[in-house]
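Participant: First the structure, then my questions, so here it is.
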4 protein chains.
Amino acid sequence: MDIKCAGIIIKPGGEKLKDTYKRIKKAFEKEDIAIKIDRSSAQIIGEKDGLSFDELCQACDILVSLGGDGTLISVARRSYEYHKPVLGINVGTLGFLTDIKPEDVESFVKKIKKNDFRIDTRMMIEIAILGKKERILSFNDVVITRPAVSKMIYIDVFIEDSLMNSYYGDGLIISTPTGSTAYNLSAGGPVVYPFSNDFIFTPICPHSLTQRPLVLPAEFEFKITTKSKSALIVIDGQDMYEFTPKDIVIVKKAPIGAKLIHRKERNYFNVLREKLGWGI
Amino acid sequence: MDIKCAGIIIKPGGEKLKDTYKRIKKAFEKEDIAIKIDRSSAQIIGEKDGLSFDELCQACDILVSLGGDGTLISVARRSYEYHKPVLGINVGTLGFLTDIKPEDVESFVKKIKKNDFRIDTRMMIEIAILGKKERILSFNDVVITRPAVSKMIYIDVFIEDSLMNSYYGDGLIISTPTGSTAYNLSAGGPVVYPFSNDFIFTPICPHSLTQRPLVLPAEFEFKITTKSKSALIVIDGQDMYEFTPKDIVIVKKAPIGAKLIHRKERNYFNVLREKLGWGI
Amino acid sequence: MDIKCAGIIIKPGGEKLKDTYKRIKKAFEKEDIAIKIDRSSAQIIGEKDGLSFDELCQACDILVSLGGDGTLISVARRSYEYHKPVLGINVGTLGFLTDIKPEDVESFVKKIKKNDFRIDTRMMIEIAILGKKERILSFNDVVITRPAVSKMIYIDVFIEDSLMNSYYGDGLIISTPTGSTAYNLSAGGPVVYPFSNDFIFTPICPHSLTQRPLVLPAEFEFKITTKSKSALIVIDGQDMYEFTPKDIVIVKKAPIGAKLIHRKERNYFNVLREKLGWGI
Amino acid sequence: MDIKCAGIIIKPGGEKLKDTYKRIKKAFEKEDIAIKIDRSSAQIIGEKDGLSFDELCQACDILVSLGGDGTLISVARRSYEYHKPVLGINVGTLGFLTDIKPEDVESFVKKIKKNDFRIDTRMMIEIAILGKKERILSFNDVVITRPAVSKMIYIDVFIEDSLMNSYYGDGLIISTPTGSTAYNLSAGGPVVYPFSNDFIFTPICPHSLTQRPLVLPAEFEFKITTKSKSALIVIDGQDMYEFTPKDIVIVKKAPIGAKLIHRKERNYFNVLREKLGWGI
């Protein structure tokens with residue numbers, strides 16, 4: 001892979017990251033990789049000459065997300081059509097997805113130049129609400145939940161027109177393996193190896209005591225309906241859609257996964273143990 | 001206890017309960033107990049001559065809730081200041097609180113006349129939002145939660161100005177023993193014997209993996225604050241209050257508990273096993 | 001598939017199943033499928049002329065297990081080297097694996113004759129204790145646990161010589177997808193679709209509050225050691241092996257899965273919902 | 001309380017604690033409190049002139065446990081008949097019960113001399129197996145479990161001859177509030193405030209998905225039987241008793257609680273948050 005241009009996106013509220021941006025820019029340019037910046041990111045740190053997000057995706061070979069896991073997820077979702085690998089540079093605490101720190105940038109860019117890195121592909125979910133044009137993509141999870149806090153909702157899930165399960169309670173999380181360590185974990189779901197091809201269906205505070213998290217193959221296509229007057233579909237905690245008894249929601253694996261750039265020696269279980277505080 | 005008058009309240013949407021109401025009225029009058037009806041209940045079933053809820057509480061020795069557990073809880077909360085025992089007559093599936101069915105009314109009213117019944121006192125919670133006049137009472141639970149589905153909230157709980165615990169996630173349930181089999185159970189909390197004097201603090205989908213449900217003595221008084229821009233306090237799933245970083249919420253045991261009329265032979269564990277489907 | 005001979009195995013303690021055996025035998029013979037019986041099974045019901053289990057596996061095209069899920073699992077494990085499909089006939093309550101009842105035998109054998117059935121392949125686990133010759137096969141789960149009830153045990157799990165996780169507590173369940181609805185479910189593990197290629201690692205009463213069930217790809221090979229003076233490895237709740245700090249245990253997917261004969265129209269989720277009591 | 005003599009007990013395996021013992025002895029003697037030592041403890045550290053445990057309890061006003069929570073629990077149980085307050089000096093990581101470190105001994109003994117300390121009373125459980133003379137006392141928990149790892153056990157619990165609940169699975173934990181942060185927590189039970197008067201019944205890996213932890217008043221007396229050929233009763237992880245279908249086990253609150261000496265300013269929730277890693 002010949003990388004000539006990297007496009008930078010900075011997290012909203014990242015006004016203090018101007019120096020970090022300059023450090024990254026210098027590191028890439030030293031290795032003859034041009035740096036371009038997204039227009040809103042440029043404004044955040046008071047730079048000129050940004051490109052629109054789509055121009056950036058077209059012009060660059062890789063994207064660089066400067067922020068936390070949330071910024072990386074947003075970049076991966078918005079750049080989905082361009083299939084560009086994304087490198088996450090982490091400015092806070094260790095993330096599940098972003099493990100390159102600003103102080104590691106110089107040495108890691110050298111490795112990138114030498115093709116000494118890894119591209120991990122992460123399963124994404126594609127959601128369609130029948131009758132609406134938009135195709136929705138999810139990196140972590142699709143959460144079906146209630147708009148008001150005081151009512152439980154009913155959700156029916158079908159596979160090939162046959163009832164799979166009915167849920168009644170606060171809602172349902174449909175998670176990718178990557179999302180299994182996010183909201184799914186708080187709701188009692190299992191950790192699933194991030195390069196598996198699985199959906200995780202985890203009920204949120206189910207009324208029935210016998211409901212359990214369910215791990216299902218990525219090959220399944222699900223049809224979801226609700227009997228509740230109004231429900232909400234929340235994608236990666238970032239976008240929200242109304243869901244009414246008239247709607248049919250189709251959930252399936254996205255045809256292409258997100259591509260994340262990592263160190264070759266990165267070990268998932270080391271990150272997991274550190275993030276979850278495992279150890280005796 | 002000499003019962004001369006019983007005041008009936010019918011669940012909202014109980015239009016079809018007119019015959020049941022008449023049956024109950026007849027059964028009580030046969031035993032020389034006058035029946036009066038709440039004004040809105042009278043309208044629901046097309047009767048005349050209802051009293052306002054407060055007049056009803058003043059005029060009658062006991063209250064009769066015709067509906068499910070939700071109706072009984074609402075009656076217990078609204079009649080709190082009058083300390084009147086409440087009899088729940090259950091028109092649907094077996095409830096945790098209401099176990100007299102319409103077909104049992106005649107025989108049970110005879111027992112009431114002979115003082116052959118039991119009054120169970122159930123701990124209630126008193127909530128005050130400092131600076132606001134209203135005293136709020138809860139029968140089942142006080143739920144502190146987030147208004148929008150995509151944000152987690154921060155909650156700090158203090159006992160005598162000393163931090164008890166900090167919660168971060170979807171919210172926190174503070175439950176009475178009676179409420180332990182309601183929302184608390186869906187969120188993973190324990191079942192607590194209903195005549196215990198305990199609070200149950202159960203986090204809802206906590207971000208931290210080490211948080212656990214906590215059972216605390218009813219003697220404690222809690223001071224609760226939030227760092228989140230806006231949160232909600234939901235009482236028994238019925239009433240809702242805003243909760244902002246400026247507010248201090250005081251949670252303590254209500255000075256007097258709710259009084260429920262039951263058969264003398266009623267056994268809590270039999271109800272529990274049947275409701276939860278226990279058995280091997 | 002041309003089926004000329006079916007070999008029957010009867011559950012230990014199945015003395016009362018003689019009539020059922022005769023009914024099954026008659027049903028198969030009517031469709032020109034010879035029935036042979038396992039020697040110990042013959043003794044149980046007082047029949048003569050049984051074959052040894054190995055002779056039975058060699059002589060027959062399919063095996064018929066008469067009993068519950070436990071009998072079927074035992075037959076699948078013992079017949080592993082012969083790759084013979086197994087039909088489970090269920091004489092008790094509905095099983096997860098055995099759903100043909102004695103009264104359905106006549107109609108289902110007709111379908112078998114017409115090749116109107118399905119063979120499901122279920123992932124199995126192969127376990128080797130280094131330095132010992134035996135190859136151990138598991139259908140449901142490999143449970144690493146403590147011999148005495150009062151001590152917790154330490155377990156280390158490695159993938160390619162790199163630490164995956166350390167467990168400290170009552171033990172560890174390594175389950176197949178099929179086994180996910182067995183002991184794994186009692187210990188808090190997720191339900192995994194039975195035709196997935198996954199291991200489920202579920203800690204039993206872990207001392208650490210942050211441990212969670214883990215779903216891992218079947219392609220992984222695990223090396224397991226213990227720091228505890230003596231531990232036990234229990235296979236499918238049926239066989240037991242000692243496990244000491246000197247031992248290295250290798251756990252991987254068995255090269256071939258178990259083959260189960262089912263009705264074509266059998267729907268896993270219908271069985272799951274019925275067995276777990278799902279429904280609102 | 002006038003303290004003239006303190007009796008020291010050292011944890012088994014505490015050979016290296018001789019210097020710590022001497023430091024403690026000096027600190028007490030400086031405040032005119034005589035130190036006597038338990039005979040087996042004396043042997044552990046190579047001292048002469050130890051008293052038998054019973055002589056020690058009779059001769060001294062308080063007992064000092066040098067070790068961890070396990071040592072303290074053992075001292076509290078063995079000294080039960082003498083009602084002597086116990087001070088735990090912790091030689092390892094922070095315990096739930098023992099929070100005085102060897103380096104704090106001098107300053108804390110001064111406080112003891114000035115009566116500037118607190119005595120906390122902890123509920124204990126009394127167990128009797130009908131027909132056997134021994135009265136058994138438990139500080140943390142009574143665990144009813146299976147002897148062999150591959151079988152589940154049946155347990156029936158009665159209150160006043162009326163069935164409370166039936167358990168089927170790996171076993172049942174009956175915990176004191178103090179024990180709620182021990183095995184009970186690993187098995188999914190709630191944390192209960194240590195000065196509450198409650199039992200916690202938590203099933204271990206129950207076969208039924210609807211079983212939940214149960215918090216019950218200390219006033220109840222339980223009668224427990226098993227249908228399983230052989231089960232075990234384990235007290236505080238330290239003592240073990242056989243339990244057969246012929247046995248009736250009575251479990252109730254012990255008439256007197258254990259007395260623990262603590263700093264006046266000790267705050268339970270601070271210890272809890274630190275031990276469980278609570279914090280955001």
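If you go along the chain as it appears here, the first residue is 1 and each next one adds 1.
For all residues, glycine too, the Cβ spot is worked out from N, Cα and C.
Predicted automatically and left uncurated, TrEMBL annotations should be read as such.
Marked as active site, proton acceptor by TrEMBL: D:ASP69. Marked as NAD(+) binding site by TrEMBL: D:ASP69, D:GLY70, D:ASN140, D:ASP141, D:LYS151, D:ASP170, D:THR181, D:ALA182, D:TYR183, D:ASN184, D:LEU185, D:SER186, D:GLN238.
Explain the structural surroundings of these features, please.
Facilitator: The 10 Å shell around the Cβ of D:ASP69 (active site, proton acceptor) contains 21 further Cβ atoms across the protein chains shown.
Its Cβ taken as reference, D:ASN140 (NAD(+) binding site) is surrounded by 30 other Cβ atoms within 10 Å in the chains shown.
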Participant: Between all pairs in D:ASP69, D:GLY70, D:ASN140, D:ASP141, D:LYS151, D:ASP170, D:THR181, D:ALA182, D:TYR183, D:ASN184, D:LEU185, D:SER186, D:GLN238 (listed as NAD(+) binders), what's the biggest Cα distance, rounded to the nearest Å?
Facilitator: 31
Participant: Name, in order along the sequence, the recorded positions among D:ASP69, D:ASN140, D:THR181, D:LEU185 with a Cβ closer than 8 Å to any chain C Cβ.
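Facilitator: Near chain C, the qualifying recorded positions are D:LEU185.
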Participant: Could you give the Cα-Cα distance between D:ASP69 (active site, proton acceptor) and D:ASN140 (NAD(+) binding site), in whole Å?
Facilitator: 10
Participant: Here the binding-site residues are D:LYS151, D:TYR183; which one has the lowest number of other Cβ atoms no more than 10 Å from its Cβ?
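Facilitator: Among the binding-site residues D:LYS151, D:TYR183, the lowest count of other Cβ atoms within 10 Å belongs to D:LYS151.
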Participant: D:LEU185 (NAD(+) binding site) has how many other Cβ neighbours within 10 Å of its own Cβ?
Facilitator: 22
Participant: Which has the fewest other CB atoms in a 10 Å radius around its CB: D:THR181, D:GLN238, the listed binding-site residues?
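Facilitator: Minimum Cβ neighbour count within 10 Å, taken over the binding-site residues D:THR181, D:GLN238, occurs at D:GLN238.
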Participant: Under 8 Å Cβ-Cβ to anything in chain B: which of these binding-site residues pass, D:THR181, D:TYR183, D:LEU185?
Facilitator: D:LEU185
Participant: Reduce the DSSP letter at D:TYR183 (NAD(+) binding site) to three states and note it down.
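Facilitator: In three-state terms, D:TYR183 (NAD(+) binding site) counts as helix.
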